[in-house]
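Visitor: According to TrEMBL, the protein carries these features:
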type: DISULFID; residues: 154-164; note: disulfide bond
type: DISULFID; residues: 175-184; note: disulfide bond
type: DISULFID; residues: 213-222; note: disulfide bond
type: DOMAIN; residues: 150-185; note: domain 'EGF-like'
type: DOMAIN; residues: 187-223; note: domain 'EGF-like'
type: SIGNAL; residues: 1-20; note: signal peptide
């Protein structure tokens, strides 16, 4: 009997979902630095393409400032140096406190930086944390990270009354109470909802409001009127006098005759404010005289 062994080989590639993923590293001189997942060999061309596809710029191996233009081109960003001309050293010092041995800074693991004119195969310059080595020739490595940079828009403090969060290609403001707008520079009008009752005047303030109440009205919203303590229920259902009386009795109340002018105004303002309905509509359009329960005519009406 023959036994056949079948060997299957497979070639694996990074899934499309991983391509372009970016990880924030550090911020230096107004630039936020990221490592961006790249597909293919880690050449200068692929590093540049990965950064541009992510909507970012890219640094060179050197900073580009005076005395630090070796391995730099005008297509790269330029930034002020602190203790080193070299981008990976600046980031290693920022994140790990190490300037020289960049291969010992774990966040930079598998990261490659654009370095023009370094090798004939157009290799980018890389770092490997596991072996604590650097100067890796990018053409020999695949599917690693490109070092990219995005201007930190929060450096200019655009959020007038809020906190700024830097995003790739933009920023987001989280506004303080009472402010709104993209830059938290618009005062929210707390008077827009008409919070003051009984004809009170609303004064808008930052993160609040106050009411100037008419005579005899008190409370934060002028909600306490001269007839406080009496409970009224307004029905929007049109009923005859008899039906209204029975409905009130059923609800444990009584149909009210409101003769006092101030009390009429008080109830009218509250009904209008809460329902948007005029309770005087039937009074002004009625074709026959209207009387109170004691038989006296309503104001302005004659029997």
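Every residue, even glycine, has its Cβ placed from backbone N, Cα and C.
Annotations in TrEMBL come from automatic prediction, not curation.
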Visitor: Residues sitting near the domain 'EGF-like' (150-185): Cβ under 8 Å, six or more positions beyond its termini, same chain?
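Guide: Non-local partners: 22, 27, 30-32, 34, 54-57, 205-208.
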Visitor: Non-local Cβ contacts of residue 175 (disulfide bond) (under 8 Å, 6 or more apart, same chain)?
Guide: 159, 161, 162, 181, 184
Visitor: If one looks at the chain holding residue 213 (disulfide bond), which residues at least 6 apart in sequence have a CB under 8 angstroms from its CB?
Guide: 196, 198, 200, 219, 222
Visitor: Run through the Cβ atoms and count how many others sit within 10 Å of the one on residue 164 (disulfide bond).
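Guide: So the number of other Cβ atoms within 10 Å of residue 164 (disulfide bond) is 19.
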Visitor: Sequence gap of 6 or more, C-beta under 8 Å: which same-chain residues meet both conditions with respect to residue 154 (disulfide bond)?
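Guide: Non-local contacts for residue 154 (disulfide bond): 164, 165, 166, 171.
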